[in-house]
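Engineer: First the structure, which I've put down as C-alpha cells, then a few questions once you've had a look.
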Amino acid sequence: MNSLLMITACLFLIGTVWAKEGYLVNKSTGCKYGCLKLGENEGCDKECKAKNQGGSYGYCYAFACWCEGLPESTPTYPLPNKSCGKK
C-alpha cells in the first residue's frame, strides 16, 4: 500500500515538473499577449486557463502573459518562422 502511494506521488510530481510554461503567443501575429498590471493578473489567468490554451495558472511578467501548466500542444513565444511585427 505504501509503495502504491509513493508511486502515485512521484507520478504527480513528474507531471507537475514537466508541464510546459511560457509566454502566450498570438498565432497569427507571433506577438506575446500583452498586459499592464504586473504579478497576479485576472486577464492573463483567464487567457491561460481558456480551453484552447489549457494552462493551469497565468500572471503578468515583464508586461506579457506568462502561463504555467500548459500542454505541449499549446504554442508559446517565440513561434518558429514568425517574428512579432516583422514580415
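Backbone N, Cα and C define each Cβ position, glycine as well.
The disulfide bond annotation in Swiss-Prot covers Cys31-Cys84, Cys35-Cys60, Cys44-Cys65, Cys48-Cys67. Look at Swiss-Prot and you will find 20-85 tagged as domain 'LCN-type CS-alpha/beta', backed by sequence analysis. For Cys84, the entry in Swiss-Prot reads cysteine amide, with the evidence type sequence analysis. The signal peptide annotation in Swiss-Prot covers 1-19 and rests on experimental evidence.
Each of the listed features needs to be described in terms of its position in the shown structure.
Structural biologist: Under the DSSP three-state reduction, Cys84 (disulfide bond) is assigned to coil, being neither helix nor strand.
In sequence order, Cys35, Leu36, Lys37, Leu38, Gly39, Glu40, Asn41, Cys44, Trp66 constitute the residues six or more apart from Cys60 (disulfide bond) in its chain with CB-CB distances below 8 Å.
Note on Cys44 (disulfide bond): other Cβ atoms within 10 Å of its Cβ, all shown chains, come to 26.
Over all protein chains present, the Cβ of Cys48 (disulfide bond) has 25 other Cβ atoms lying within 10 Å.
Residues near Cys84 (disulfide bond) in space but far in sequence (CB under 8 A, at least 6 apart, same chain), listed by position: Thr29, Gly30, Cys31, Lys32, Tyr77, Pro78.
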Engineer: What is the separation, in Å, between the Cα atoms of Cys48 (disulfide bond) and Cys65 (disulfide bond)?
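Structural biologist: So the Cα of Cys65 (disulfide bond) lies 8 Å away from that of Cys48 (disulfide bond).
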Engineer: Under 8 Å Cβ to Cβ from Cys67 (disulfide bond), same chain, six or more residues apart: give me those in sequence order, or none if nothing qualifies.
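Structural biologist: Those within reach of Cys67 (disulfide bond), by Cβ under 8 Å and sequence separation of 6 or more, are Glu21, Gly22, Tyr23, Leu24, Cys44, Glu47, Cys48, Gln53, Gly55, Tyr57, Gly58, Thr74, Thr76.
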Engineer: What three-state class does DSSP give Cys44 (disulfide bond)?
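Structural biologist: Reduced to three states, the DSSP call for Cys44 (disulfide bond) is helix.
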Engineer: Using all protein chains shown, find which of the disulfide-bonded residues Cys31, Cys35, Cys65 scores highest when you count other CB atoms within 10 A of its CB.
Structural biologist: Cys65
Engineer: The domain 'LCN-type CS-alpha/beta' (20-85): mean pLDDT?
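Structural biologist: The predicted confidence over the domain 'LCN-type CS-alpha/beta' (20-85), as a mean pLDDT, is 96.
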